[in-house]
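Feature annotation from TrEMBL assigns domain '4Fe-4S ferredoxin-type' to 367-397, 407-436. As annotated by TrEMBL, [4Fe-4S] cluster 1 binding site applies to 377, 380, 383, 426. The annotation [4Fe-4S] cluster 2 binding site is assigned in TrEMBL to 387, 416, 419, 422. Marked as coiled coil by TrEMBL: 436-473. Marked as region 'Disordered' by TrEMBL: 523-740, 759-836. TrEMBL lists 532-541, 624-636, 718-732, 801-814 with the feature compositional bias 'Low complexity'. Positions annotated as compositional bias 'Basic and acidic residues' by TrEMBL: 542-556, 670-680, 765-780. Feature annotation from TrEMBL assigns compositional bias 'Polar residues' to 683-705, 827-836.
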């Protein structure tokens, strides 16, 4: 009893929902034996004949190849294609292939030589001694793909099912009408198919191996039973005829009773499935060492005079096969590749046969009537009743027409096997399968675009991350270099280095660190002493390098300041320095202004020097402040914030005007032998002096009295008036030059002018002290000249006294004391000019 139940359980068959029973129309070709056709004049071999990318070419135009020689190479899902016969490569170009769109793909054009010579073959007589990896590699290199219509690489499918395969199913159902290629192959090569099943059993080690064949193929069933008699390879299962029982999911349900989950394949439930044609190709690849170069193709239809099944070389044009079958293109131009339900109409007859081509149908008008016009859906639900995948074809149709991709995906559009059962039963003649195929193509295109966009976004984000890492690495390198430089500078100067990194580890600006070091050194100097460095230059050479390392223009300014410092230190001890080296009132503010632009740095340095000279001058003397500099450095800094270039040019023009004023005022006060004394208005207008407000002094801003004596007026006489013409002549070149270079040149010129003025003032003082005072006039001259010499400003600094000294002279011309003082001033100036 137990054995009977086990036998019944083993032989049990299940059914799938839906399905149809169309006319079989298989008798036209099933009774004709397989035959080989002559080679065509040329073979068109597409590089892509499977589900996956095309391989890499291994041949060039003009090469002579042998049958079975690989034309391309690849790995994984990239299968090689082989030469179907021996011949010469005539061209490698795009050619129209077997596709509903008629698109061209890269193909190899081979001209047969008629010899049909094979490449050296390496058969494996005892495959059981070979490891599975070697067998898989042989299957892959032979270019074997699924010959049932899907075209999936067989080696990839088998390698994925090496572990966990419980049931291996060989599909011999061949359920679609008209097609008899597998039927005829099982009738004539049943033994080779059983040998291929033995290879697969050795390779996958499944628990069960089942061969399913529909009951409408009695001759094939008889041949297979004879081949399997007494063999433990597998079991033969005869199933009822029903379309589409040859589908992978449907045949799995019939033989095992298991349903494949939605969105998955048969391997998810431990089932692997191969077509009988694929099994036969595996036998030839392993046992005979032959690559896939030909396959069985059914030539059928009432438009053919000699229908049947033939061995067609891959790459043979369809027109060549139809010609040998007695096809007349003038009588019937319609040719379908595949069956009447799942096939498609060929765009032309010059397309080649590929690995998935199993049938060429040339129907007559009686067999295939003209397509009737499409009508509106009447919601009859016949399509839902016939669907073998338990889908809702009507809803998928509406979603496809409305371009509702997400809803179509949610209703499991990709579970549709495109069997055509819904379109076959539709009373409105709606080509539902065409809508589904188009919708699938659009969704795949959108998915490809989204995938490429995601990849581009990932690359862009990786690029940004890489740039940020490089930036951080550069900052770290710069900080390390700054620390090393500070340490080296501290070692040379014998001071303690200042760290450029805060306590929390964050990087600190190098300029701020330099400012901190300068302030620390200034605080360390005793009160009443000045730093031994000029106010415009940083106290620390390392700070100077840090400030100027960002811009080469800063280095030029720093070099000019260093030269001025050297000249000041070179002045003899007995002479007075025209510019004291007192530090600026706010060096941090000046350096903050200059950090933004090197041109602001020069202006800020000049303002700082003027402020230092004002603070260092005694209270009883006038400040040698140039008239071009404003009394308030903050005002100058605010004025220069608008545009540093305009501010630098304006400062240069103001200095040139100041030098002109100084030269003209000094020349006007020199005594002339017969020159009459003129009023102040005539003096100012004839000398073309640009007047500045004479009521305010540059130093303290106090109001000048118009009745002051001529002694205050004579204090504005410049003993170095000869230096002014030199600067005046050079002023156009300075104005036309670069503002930064002009600022440096102006600073150097001012230092030279002050030095010359100091020397001339010292010489004049020595002459006055050595002259004998023999009369009262000489004594009075000495009395007047000594305070005048002491209060004389250095040359090169513009003063408003040129315009303010003449009004008192005109107003007090009748006073004898004032005339005598003027006579003494003129005499002293004449002696000075003659000696110069």
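Cβ coordinates come from backbone N, Cα and C, glycine included.
In the structure as shown, the Cβ atom of residue 422 ([4Fe-4S] cluster 2 binding site) sits within 10 Å of 28 other Cβ atoms.
For the domain '4Fe-4S ferredoxin-type' (367-397), the number of residues in each DSSP class (helix H, G, I; strand E, B; coil) is 10 helix, 0 strand, 21 coil.
Residue environment of residue 377 ([4Fe-4S] cluster 1 binding site) contains 17 other Cβ atoms, counted within 10 Å of its Cβ in all protein chains. Sequence-distant contacts of the domain '4Fe-4S ferredoxin-type' (367-397), counting only residues of its own chain at least 6 positions beyond either end whose CB sits under 8 Å from a CB of the stretch, comprise 16-20, 25, 244, 247, 249-250, 301-302, 334, 340, 408, 411-413, 415-417, 419, 421-432, 435-436, 439.
Excluding the listed site residues 377, 380, 383, 426, the same chain places 378, 379, 381, 382, 393, 394, 422, 425, 427, 428, 430, 432 with Cβ atoms within 8 Å of the centre of the [4Fe-4S] cluster 1 site Cβ atoms.
For residue 387 ([4Fe-4S] cluster 2 binding site), the nearest neighbour among the listed binding-site residues (377, 380, 426), judged by C-alpha distance, is 426.
Comparing C-alpha positions, residue 419 ([4Fe-4S] cluster 2 binding site) sits nearest to 426 among the binding-site residues 377, 380, 426.
Sorting the domain '4Fe-4S ferredoxin-type' (407-436) by DSSP state (H, G, I as helix; E, B as strand; all else coil) yields 17 helix, 0 strand, 13 coil.
Cβ-based crowding with a 10 Å cutoff singles out 419 as the top-ranked of the binding-site residues 380, 416, 419. Using a 10 Å Cβ-Cβ cutoff, residue 426 ([4Fe-4S] cluster 1 binding site) registers 22 neighbours. Annotated [4Fe-4S] cluster 2 site 387, 416, 419, 422; additional same-chain residues within 8 Å of its Cβ mean position, judged by their own Cβ, are 18, 383, 386, 388, 389, 391, 393, 417, 418, 420, 421, 432, 433, 436. Model confidence over the domain '4Fe-4S ferredoxin-type' (407-436) is summarised by a mean pLDDT of 94.
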